[in-house]
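Chemist: What follows is a structure written as structure tokens; I'll ask about it next.
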Amino acid sequence: MKWSAAAGAALLALPANSAVTASLPLKLETRSSLNSRLSNIHVERSASVEGAISYTYGSCQAKREEEAHHSISQPTDAHHDRLVWVIPENVQSGGCISAWSRANGRLVGRSRPQSFDFKSIKMRRDLKARATKPSDSVAIHMTTDNGINPWGPWFDGVKLLEDKEISTVDVEKAKSKNIAIVGAGMSGLMTYLCLTQAGMTNVSIIEGGNRLGGRVHTEYLSGGPFDYSYQEMGPMRFPNTITLGNETYNVSDHQLVFQLAEEMNSLNGHSKNLSVDFIPWYQSNSNGLYYYDGIKNPETGLPPTLAELAANSSLALTRVSNNSTKSLSQKVDAFLPDTDKFFAEMAQNMFKAHADWLSGGLAGLPGDQWSEFGFMVNYLRGSLNDTAFLSASAHSYWDTLYEGMYFSASTWKTIDGGLNRLPLSFHPLVDNATTLNRRVERVAFDAETQKVTLHSRNSYKDSFESSEHDYAVIAAPFSIVKKWRFSPALDLTAPTLANAIQNLEYTSACKVALEFRTRFWEHLPQPIYGSCSTTSDIPGIGSICYPSYNINGTDGPASILASYISGADWGDRWVSTPEEEHVQYVLNAMAEIHGEELVKEQYTGQFNRRCWALDPLESASWASPTVGQHELYLPEYFQTRNNLVFVGEHTSYTHAWIASALESGIRGSVQLLLELGLVDEAKATVDKWMARWIDV
């Protein structure tokens with residue numbers, strides 16, 4: 001059936017509640033913008049209708065079901081109050097949704113005329129087509145053929161629902177599904193927030209430890225948050241804006257953190273005890289110290305500052321590199337994307353940038369299929385010696401690119417009182433739904449009942465307790481999940497997912513915080529205010545970060561992150577050193593850099609060491625996929641396997657940041673809502689959290 005554009009426009013002008021429509025027993029309406037190929041149709045009953053019902057879309061003047069443009073649904077469930085409308089590509093505005101009695105063919109319901117946002121629909125289709133363009137690669141390519149496009153704009157929700165054959169939704173039943181979230185880190189907390197705000201009424205959290213926040217861990221060496229002697233033993237900062245040329249951009253993916261803080265402050269009535277407030281983070285300071293080869297300024301007794309180094313380059317050690325190393329470095333730079341252009345793209349839309357990188361970001365080559373080492377040696381024919389000098393790894397350049405953009409940020413933020421205040425703000429929301437000190441170790445799925453059973457215990461000495469759920473969202477890192485037992489075995493039902501759980505690589509970090517009686521670093525001849533700018537060649541120390549909070553504060557002690565180092569070489573190696581020995585080593589390094597007498601007089605004896613590989617609930621710091629693992633594993637995270645949804649920073653496009661965990665929680669929530677046919681709620685979640693690259 002066809003109707004003219006003029007007729008459609010005329011129909012749109014009709015009043016919404018005509019006498020005929022108002023007298024019918026079924027009220028039909030859409031409640032969200034028709035800007036994609038999916039929508040919910042809401043069904044309300046003013047009177048009962050006997051027998052089955054057919055739903056169609058077509059002319060608002062149609063008198064018979066056969067006159068419709070297309071059929072929407074012929075549900076067998078008489079108790080439905082919502083339909084899932086998969087909208088054909090050749091649809092036109094101006095038509096109405098109609099309901100017909102299948103017993104006698106009579107019209108029993110009709111909506112007001114519908115208007116489609118074709119511009120948005122086309123934009124989504126074009127973005128999807130670009131993200132899934134064919135390649136000669138032998139790697140797995142996720143296209144619209146299988147309904148999921150995980151490399152950039154998340155997944156194709158239309159195809160997902162077509163595959164699931166969902167046409168009607170009992171909303172009350174869907175929203176009462178029993179959902180367990182395993183893990184109360186930031187991805188688990190975000191999942192809980194999204195699902196409950198979407199109206200899910202039976203959501204619980206099972207947490208293996210005794211606190212919320214996971215790897216968000218602020219250590220208060222003296223007092224509380226506003227005694228200002230703390231350090232971040234997990235994440236500690238958020239890139240906010242980046243200036244490239246004459247343009248300044250928001251680092252858009254990290255805006256999720258700031259938006260979440262606003263949301264939690266609002267939910268908590270702006271309570272002072274629960275507030276999440278941001279202050280500037282000082283990433284760099286020109287008075288940071290440069291301590292290499294034992295060189296110090298004889299006048300101050302301190303290493304040269306970065307400002308002094310800039311004024312006198314002879315103070316810096318110069319690494320000898322031969323011409324072939326320089327040439328190889330220049331060749332690599334020529335193949336990588338233009339820095340300013342790609343940094344701007346990543347800042348504005350990390351997800352589109354990721355898709356572009358995978359499809360041909362390495363000068364036309366698929367970005368995730370070349371490791372740094374393999375590209376230099378096998379493609380550019382660099383020597384092993386030159387490649388070693390350039391620190392080529394088994395990872396692709398993606399991590400180098402997005403971390404390069406983040407650490408080029410012009411402004412940064414952190415949370416006043418410590419990042420712990422972000423998970424702290426969730427307590428009023430989740431406490432009644434959270435079970436602490438329950439470590440899930442086994443997961444069983446019953447295909448007949450479609451139920452998930454979680455087996456957990458507090459200690460390895462305890463017997464297992466079990467709980468049954470309709471779905472489980474796994475928000476624990478794979479470094480822990482790899483020790484779990486699944487029934488049926490995942491390598492039989494989802495071998496690529498099982499491969500990801502067992503083989504996704506992680507990086508470990510160690511941090512040592514030391515407390516001092518005063519903020520002595522702010523009273524040096526060239527005072528240091530915040531920043532991680534002090535560096536040295538003392539083995540195993542890495543970054544030294546001075547606090548960005550309470551700058552020029554006069555009361556009480558303060559703490560320095562005296563060592564922050566990661567990677568297989570030191571993040572793993574330090575765990576074999578006893579804590580007291582490790583702390584003494586770091587204290588000695590601080591004394592060597594800042595002056596032995598000063599440091600020993602100022603040190604209070606309070607410290608904290610956290611090597612994340614020793615944490616029984618984490619076993620590592622963050623995911624660090626090797627070459628090919630993004631391209632191979634990301635599609636698996638977008639598929640619901642045995643009623644399990646996997647979230648966490650390890651399932652995101654970037655790693656090691658709170659924003660990565662939050663993004664995965666939003667994605668997992670939308671994935672589950674779409675599984676249940678709650679399209680309007682999925683759209684609302686997407687729109688609220690600005691994740692508009694999902695096609696729903």
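The count begins at 1 with the first shown residue.
Heads up, the Cβ atoms here are built off N, Cα and C, so glycines get one too.
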Chemist: Where Swiss-Prot shows Glu207, Met236, Arg237, Val440, Glu649, Ile658, Ala659, Ser660, Ala661 binding FAD, which of Arg215, Arg641 is named for the same site?
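Modeler: The record-listed residue among the candidates is Arg215.
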Chemist: What does the structure give for the C-alpha distance between Met236 (FAD binding site) and Tyr564 (substrate binding site)? Integer Å is fine.
Modeler: 11
Chemist: Going by a 10 angstroms cut-off between Cβ atoms, which of the binding-site residues Met236, Tyr564 has the sparsest surroundings?
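Modeler: Comparing Cβ neighbour counts within 10 Å for the binding-site residues Met236, Tyr564 gives Tyr564.
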Chemist: Rounded to an integer, what is the Cα-Cα distance in Å between Glu207 (FAD binding site) and Tyr564 (substrate binding site)?
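Modeler: The Cα atom of Glu207 (FAD binding site) is 27 Å away from the Cα atom of Tyr564 (substrate binding site).
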Chemist: Taking the Cβ of Arg237 (substrate binding site) as the reference point, list residues of the same chain whose Cβ is under 8 angstroms away and which are at least six residues distant in sequence.
Modeler: Trp281, Gln283, Trp412, Lys413, Thr414
Chemist: These are the binding-site residues: Val440, Ile658. Which one scores highest on other Cβ atoms within 10 Å?
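Modeler: The residue with the most neighbouring Cβ atoms within 10 Å is Ile658.
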Chemist: Can you count the other CB atoms that lie within 10 A of the CB of Glu207 (FAD binding site)?
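Modeler: Total other Cβ atoms inside 10 Å, all chains included: 27.
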